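A short write-up of the structure that comes next.
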Ligand code: UDX
């Protein structure tokens with residue numbers, strides 16, 4: 001099929017490359033000329049495993065192209081995806097200006113029937129607004145063209161997005177038009193093999209499904225962080241509790257890891273936006289409020305543990321392993337490492353940091369500073385420091401040489417914000433250990 005995707009951000013680019021991979025003719029549009037030039041030159045602006053070769057091969061095969069020309073994009077397509085950003089407004093609700101600008105642009109150029117698919121994460125009711133914006137443009141031009149607006153939220157995880165797109169758990173299609181559903185079933189048929197993954201529902205339910213999924217996952221994390229904080233105080237170990245509850249299939253083992261709090265581009269933004277939507281409709285979402293409050297406190301937990309251990313942090317030097325909000329990405333949006341860095345600097349401490357992918361992003365965000373040294377490998381980060389802090393669970397950090405860490409540190413202690421290590425193993429290597437909710441090894445904080 002002929003597909004046009006508005007927005008070459010994270011979602012648009014991954015979706016475009018995957019749809020091209022299964023044989024569609026995909027045109028990706030963006031208003032950012034600089035970004036288009038980079039993409040044309042084969043330079044992928046984001047770090048996402050498997051994406052660069054997928055884009056390269058599909059461009060070479062002539063199935064994937066980039067353009068800044070909206071008229072060409074609209075003329076090209078049987079199906080148009082809207083995959084532009086919905087950044088938070090000042091009050092936390094999603095800013096729809098980019099989505100509605102694309103809708104107007106579709107209305108301004110449409111000449112033959114098309115299915116418009118909303119992939120951006122947008123508040124309930126947005127499909128109606130997109131429909132109205134397109135219709136208003138068509139009316140201004142005095143033309144009549146049939147079109148449908150469908151909600152088809154994405155469920156891509158950063159670091160595993162290509163896989164999520166090629167092998168989705170589910171494909172949610174929100175539409176009351178049989179024709180639109182049939183078109184999308186055809187488009188998604190290559191991804192819907194072995195068993196039925198397509199879930200068809202009304203538009204508003206599809207829009208809410210996206211928020212409900214992310215809010216549920218964020219709730220699981222905040223719940224476990226709350227349990228961890230209780231475990232610390234009562235002398236229990238959250239890692240053992242995790243295994244104990246995960247064995248119940250109704251609870252499950254996934255997404256119940258306590259840690260330094262969730263970050264990223266989705267959970268913080270979407271939980272907040274859903275909270276806003278609920279309030280706008282006269283409902284106070286007490287559970288969502290608590291999920292956010294627990295997470296905000298949790299992002300400060302490692303810093304609290306460090307203060308508890310050292311007292312004043314002024315003049316201290318710390319090695320920090322892990323800056324990205326999670327492994328396999330260079331994304332630092334809402335990362336717990338940022339809360340930690342900013343608190344350590346406010347306390348007058350210096351940080352020597354290492355991350356396999358996010359050093360350039362850290363430099364972009366914080367620039368050159370006297371109290372931050374970006375290191376070229378994990379061992380140089382340890383040089384001349386008092387203690388080691390781990391904030392992202394990169395695989396490469398899983399099994400370090402603890403004896404070497406101990407000899408590099410002036411104070412042999414590890415603060416493990418992701419519960420990567422077994423306290424006993426670390427302690428046997430002669431280091432003190434602080435994890436999240438590992439009461440066995442950590443004195444309860446005041
Ligand atoms: C998330 C959803 O998983 C995805 O389906 C949606 O489309 C977008 O939002 P992403 O933001 O890429 O994806 O990251 P994810 O892997 O879900 O992790 C989010 C955060 O939660 C990370 O900071 C991670 O460290 C943290 N986390 C995750 C925990 O603290 N504990 C867990 O058990 C799982």
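Including glycine, each Cβ sits where the backbone N, Cα and C put it.
In sequence order, 10, 48, 264, 265, 326, 328, 329, 331 are the residues near residue 158 (NAD(+) binding site), counting only same-chain partners six or more apart with C-beta under 8 A. Among the features that TrEMBL reports, NAD(+) binding site is placed at 30, 35, 86, 121, 158, 269, 333.
The 10 Å shell around the Cβ of residue 263 (substrate binding site) contains 24 further Cβ atoms across the protein chains shown. According to TrEMBL, the feature substrate binding site maps to 155, 156, 157, 158, 210, 255, 256, 257, 258, 259, 263, 326.
Every protein chain shown contributes to the tally, and the Cβ of residue 266 (active site, nucleophile) ends up with 22 other Cβ atoms within 10 Å. Under the heading active site, nucleophile, TrEMBL lists 266.
Residue counts for the domain 'UDP-glucose/GDP-mannose dehydrogenase C-terminal' (319-423) under DSSP, split into helix (H, G, I), strand (E, B) and coil, are 35 helix, 19 strand, 51 coil. The feature domain 'UDP-glucose/GDP-mannose dehydrogenase C-terminal' is assigned by TrEMBL to 319-423.
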Winner by Cβ contact number (other Cβ atoms within 10 Å) across the binding-site residues 256, 258
258
When you tally the Cβ atoms that lie within 10 Å of each candidate's Cβ, which of the binding-site residues (35, 157, 210, 269, 333) has the highest tally?
210
What count of other C-beta atoms do you get within 10 angstroms of the C-beta of residue 86 (NAD(+) binding site), across all chains shown?
20
Cβ under 6 Å from ligand 1: qualifying binding-site residues of 35, 121, 158, 210, 258, 269
158
Specify the secondary structure state of residue 258 (substrate binding site) as given by DSSP, simplified to three classes.
coil
